[in-house]
Amino acid sequence: MGNDKRVRKPEWLKISIGANERYTETKRIVESHCLHTICSSGRCPNMGECWGKGTATFMIAGDICTRSCKFCNTQTGRPLPLDPDEPTHVAESIALMKLSHAVITSVDRDDLPDLGAAHWAQTIREIKRLNPETTTEVLIPDFQGRKELVDQVIKACPEIISHNMETVKRISPQVRSAANYHTSLEVIRQIAESGITAKSGIMVGLGETPAEVEELMDDLISVGCKILTIGQYLQPTHKHFPVAAYITPEQFAVYKETGLKKGFEQVESAPLVRSSYHAEKHIRFNNK
């Protein structure tokens, strides 16, 4: 996986993380409740912008993942037992932040009999109990394709359920640990068939072609996906999958136009876009 011929990062990807008062307060709430966020563990380039607006994507079920995807910076290994108080802590933090829309994700918990599905459902219910006016978006793992586990999340009634395809069909086996392209499509199909808005996200710059991205779009449309996010892959460390190319802002604009023409209701496509970027804008598509 080592690649001495690294592609130079272009100017449009160079950002600074500002720390305004809202950023500091968001950081204080997250740390005081011993919460994990994908913003920090995933080294998200938008953390300054989002935390500065008082929004964050909470990561539940711990901060150690049972999988080791070659694009992801989340720690891998043997996770700790689930914290039964975590659903309440997350819900309380959302109340303190006065969020109108909350985004939740998790590590994979292949070590648990139910892969964390009950914990997921309880977290969503607790958020709704303490924050009845807050809408929720959840970015879920594949639950190994077990429909009864995905159904537990569906029955908790979040407004949007997202499951990321991550990359095109050809590259998926190279970078997604224990995940399967077609299994992910079936998870998204199950979400869409439930009536809940289905969303997915991909990274580009891994060596895919525009034709492969269009094929992935067609696959997502065929299973009922309504919202798509597309962002530049950034190699977290030299041990991770190398960046094959930095996609230009112009090509991202083409992907957005193509996706909308193919039938997505919303496409976020730009170099720094990540799964939950501008997630609050997407909720309106669930309320038509």
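These residue numbers are counts, starting from 1, taken along the chain as shown.
Cβ coordinates are placed from backbone N, Cα and C, and glycine is handled just like the others.
What Swiss-Prot says about this one:
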BINDING   Cys39, Cys44, Cys50, Ser276  [4Fe-4S] cluster 1 binding site
BINDING   Cys65, Cys69, Cys72  [4Fe-4S] cluster 2 binding site
DOMAIN    51-265  domain 'Radical SAM core'
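A Cβ within 8 Å of the Cβ centre of Cys65, Cys69, Cys72, the residues given for [4Fe-4S] cluster 2, is found for these other residues of the same chain: Arg67, Ser68, Phe71, Asn73, Thr74, Thr76, Val107, Asp108, Ser177.
Averaged over the domain 'Radical SAM core' (51-265), the predicted model reaches a pLDDT of 94. For the pair Ser276 ([4Fe-4S] cluster 1 binding site) and Cys72 ([4Fe-4S] cluster 2 binding site), the Cα-Cα distance reads 16 Å.
If you take the C-beta of Cys69 ([4Fe-4S] cluster 2 binding site) and look for same-chain residues 6 or more apart in sequence within under 8 angstroms, you find Glu166, Val175, Arg176, Ser177, Ala179. All chains included, 29 other C-beta atoms sit within 10 angstroms of the C-beta of Ser276 ([4Fe-4S] cluster 1 binding site).
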